[in-house]
Amino acid sequence: MQSRRPVMLVILDGWGWREDPADNAVLQAKTPTFDALWTNGPHAFLRTSGKSVGLPNGQMGNSEVGHLNIGAGRVVMQDLPRISDAIANGEIERAPGLVAFIDKLKASGGTCHLMGLVSPGGVHSLQDHACALAKILAKAGVKTVLHAFTDGRDTPPKSAVDDIVRLRAELPPNVPIATVSGRYYAMDRDNRWERVSKAYGVIADADGPRFADANAVIADGYAAGVNDEFIVPAVIGDYQGMRDGDGVLCFNFRADRVREILAALLDSAFAGFPRKQVKQIAAAAGMTQYSTALDALMGTIFPPQSLVNGLGQVVADAGLHQLRMAETEKYPHVTYFLNGGEEVPYPGEDRIMVPSPKVATYDLQPEMSAPELGDKAVAAIESGKYDLIVLNFANPDMVGHTGSLPAAIKAVETVDTQLGHIVAAIRKAGGALLVTADHGNCEMMRDPETGGPHTAHTTNPVPVLLVGDNGPLADGQLSDLAPTLLKLMELPQPAEMTGKSLIG
């Protein structure tokens, strides 16, 4: 006899809905579990982009935004429009974090090393934000250089040349591009220090291949068959590296992929790889809060918003037990982001992280660690210990980002198999299960405009399925999931949660 009725949310990361089967890994894959749930049980669609998740109209969602909205149970105004609005109305110039950064650099006389993802993608950054900061720094008389990370993941794989041309046109003439690094190197998040060290080398020590300008770096990469994401870090012109008294300003607003490079640049105790000489940094700031560890080393221009009474807090306050599960790639999303930016687990909250496979790109192993994660999920359900389980399967998103349709099909099929095991365990335990996604990706594997691989997220709706309750389900948005889970758990919905239960 189960001591607790488990209620579970399974997030099929990157599993969007598109009716056309062409270049659609979701529809081309064999998915008997999903198909049976869709045919025989309550189902609906959720909006995961634009204003439905606190982003600008037409802006695709992403995992960070998605999990924030899921956990908060309300539409969370995202950093992208929040920052853009502050730039448009001039408020950013008065932001205490930026004012303090500029004052420190003026006092030290050092150079500002402005860095981040040069991309119109709007997932990790917006290059317009970089240009706005560069103009503010130039106006303040602070010498500034820019370290450009190229995208090709949230944007078409060969779009960096156009991005750099637009960047140069907007940057003040006295702000040069000092280095160029593909995000594969500069924005790792899985402790692959052999990659990060190459980006660090060009930024800190000007140690790497040298080119006359940024476009020459990209052209050299293309000639070698290397797309934007994988551009080998390079030095531009006569850049000589960082010096004592310099400052670091990161314009990415998403936290997870800047933590490693910033730790290497700022943390005197960093041990990921040997550094030639640790520079004495006079000032450091980030567009948003990146982590508790980095808080001790840098300021924040846009501090986090308070998100009280989210899903995790409500469950904990009721004295219930919850479990968060994912492999490495999506572990921060089911913990930190789902908890509204809180890193410390709530009382009664357990966490399981299964290591992601150590491969260069996930098309080489589209199964990733889903089988192990699925086994652990079944064991958790059968344990009778948990009232709420939240699990993320990373495969459809992470393999979708590679642009390989055959690999994405395999990823979807792998996840469907594991979902089958979970459904059986939930039914046996007398529990309830919601299955959905945080955004689309692998349902669109070819770019209709360029004809090339489509590696970015989409603005398509995502399916939502219900097991163990008769429903019916209404269409909605991600912020409606927490109220739905609370209803299944027979817990009251707090006033701060403005989402609506999907169950009629």
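Here, residue 1 is simply the first one shown, and the rest follow in order.
Cβ coordinates are placed from backbone N, Cα and C, and glycine is handled just like the others.
Taken from Swiss-Prot, the feature Mn(2+) 2 binding site applies to D13, S63, D438, H439. Around D13 (Mn(2+) 2 binding site), the same-chain residues at least 6 positions away in sequence with a Cβ under 8 Å from its Cβ are S63, K330, H333, N392, F393, A394, N395, P396, D397, M398, A437, D438, H439, N441.
Taken from Swiss-Prot, the feature active site, phosphoserine intermediate applies to S63, supported by sequence analysis.
Long-range Cβ proximity for R257 (substrate binding site), meaning a same-chain Cβ under 8 A and a gap of 6 or more residues, is found for H124, R183, M187, D188, R189. The annotation substrate binding site is assigned in Swiss-Prot to H124, R153, D154, R183, R189, R254, A255, D256, R257, K330.
Annotation source Swiss-Prot lists Mn(2+) 1 binding site at D397, H401, H457. Reduced to three states, the DSSP call for H457 (Mn(2+) 1 binding site) is coil. In this view, H457 (Mn(2+) 1 binding site) is surrounded by 30 other Cβ atoms within 10 Å of its Cβ, with every protein chain counted.
With a 10 A radius on its CB, R189 (substrate binding site) counts 16 other CB atoms from all the protein chains. Its own atom aside, the Cβ of H124 (substrate binding site) has 25 Cβ atoms within 10 angstroms in the protein chains shown.
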